[in-house]
């Protein structure tokens, strides 16, 4: 029975079926786990050494507040889900500040006692009326929640917490969650202690400002008989610091748990059909999803599925090698190989452009010179030059959930791409992307043809950068320093997990075709594939000869930010050599009959002799 046109599968519908439902499942599990974490928080915050049993049973009174915490958490999770569509860091920080204050308000009400309300009766006036004073302890926790919310938002960008990486080795959801749970708890405690220390120092110097403003706005008097918290004796309160640390741990643990569950569910492997019986369902097949450019999370899932099927599924590999009926054309293999080679060629062009910038001593060559360089490097293989390129630049995995409209990307779409208009960006980065300083003596054209001016070194700092370095104190307060050469090398390979899967998929399919390809569909594109791999290998080898390109990144003590992108260039180089070895060991001396250039044949001979 042929389906009607109305039942045709739209790419957006496939995205909803795969990604949206996984996000909803992660939110559901976060909400289900929230009562457990809330119960632990109640026991720790209301613990008393002299009356432990009484506090445990009296905590039943606060079940109503626990329901409010759950409802607030649901709203917070919904807001966090919508945050990915925001294009402003200010809005992102404001939302998290509000969420932090809400969670801390629930925590202060749950703890009770002197933290319960913002206004408390303090004394009687001359007329006999009770005067309401400002409860600074409650205000202290509310402001701490806002500070922790901003810290979470800021560190999320600095530490790339929104970078979604796919695991090279797939695990089931529960073992992975169980293995990561101690790390989440450790990071929550450490981050809570750091935030409590930083906020206490900040409140010591500037705490009187919000206290005075809120007391005058809400007409709440300040009780002079109590010790103010913006003093050294007021902050040296063990009970206050304990409840602040426990509340902060609960706040961070809830948010980190949501991030962890979201990563686990979204990056779970998904099996796409190689081909469909109905033409209306062609949009959800693997060759079509591989060409997806609007929502790149589908592209990453498709590449992951391609790497898995090329190694572990004989029946699906036969579908890739099959011919279309009627017509007898290898559409599946052509589409898959074309997208993989396009992806690898895009990485090659990216590396060549970076090497051109370094070779020109920090100055990006003109477009015509870059094109001549690229064409000269790829002139040995016309097939590689004819491989199609991506119409939309592949973005880093941190932006795989956003789409590009009209070719304009938001500030959050590429967390590793330097912002040349930012006051934090150095002149070296501006020179790297081809933008010169207006105040620089090299700005504009040179009037005299006899003047030979030497450009500044790529990684040197100008005198005008001194003022900008002073602004980096806030960054040093929260995270370690990042060297620009190392960061630029990491940015080039930030999305290389997709290239690794493309290498694995291509190499295993080519190797399997030696015995499984009954129609010889792979043999027609084998020269192009070999040339593409060799050209990429040469570009990668040249990149690792650049300064700082082969240095290992520094490990952080504890961070929820994903740092796998820092070592992807090493994994890519290993995967690239493994892919070439996979093909050369399978075909052996038969590769001598493949029509490739002499330079590429000499390089492949090194693999045949196991000299690489």
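Glycine is no exception: its Cβ is also placed from the backbone N, Cα and C atoms.
Positions annotated as transmembrane segment by TrEMBL: 20-42 (among others).
The annotation transmembrane segment is assigned in TrEMBL to 62-81 (among others).
According to TrEMBL, the feature transmembrane segment maps to 93-117 (among others).
Look at TrEMBL and you will find 137-162 (among others) tagged as transmembrane segment. Tertiary proximity for the transmembrane segment (137-162) is limited to same-chain residues at least six positions away from its ends with a CB under 8 Å from its CB atoms, namely 84, 89, 92-93, 95-105, 107-108, 114-118, 191-192, 195-196, 198-199, 202-203, 207, 210-211, 214, 229, 240, 243-244, 247-248, 251-252, 255, 259, 398, 412, 415-416, 475, 478-479, 556, 559-563, 565.
Marked as transmembrane segment by TrEMBL: 183-206 (among others). Sequence-distant contacts of the transmembrane segment (183-206) (same chain, at least 6 residues past either end, Cβ-Cβ under 8 Å): 140, 143-144, 147-148, 151, 155, 229-232, 235, 241, 244-245, 248-249, 251-253, 256-257, 260, 477, 557-560.
The transmembrane segment feature in TrEMBL is assigned to 240-262 (among others).
Feature annotation from TrEMBL assigns region 'Disordered' to 363-392.
Summarising the annotation, TrEMBL assigns compositional bias 'Low complexity' to 366-381.
Proximity of distant same-chain residues to the transmembrane segment (240-262), defined by a Cβ-Cβ separation under 8 Å and at least 6 residues beyond the stretch ends, is recorded for 23, 26-27, 29-30, 33-34, 37-38, 41, 44-45, 73, 77, 80, 100, 103-104, 107-108, 111, 115, 137, 140-141, 144-145, 148, 152, 161, 177, 180, 184-185, 187-189, 191-193, 195-196, 199-200, 229, 560.
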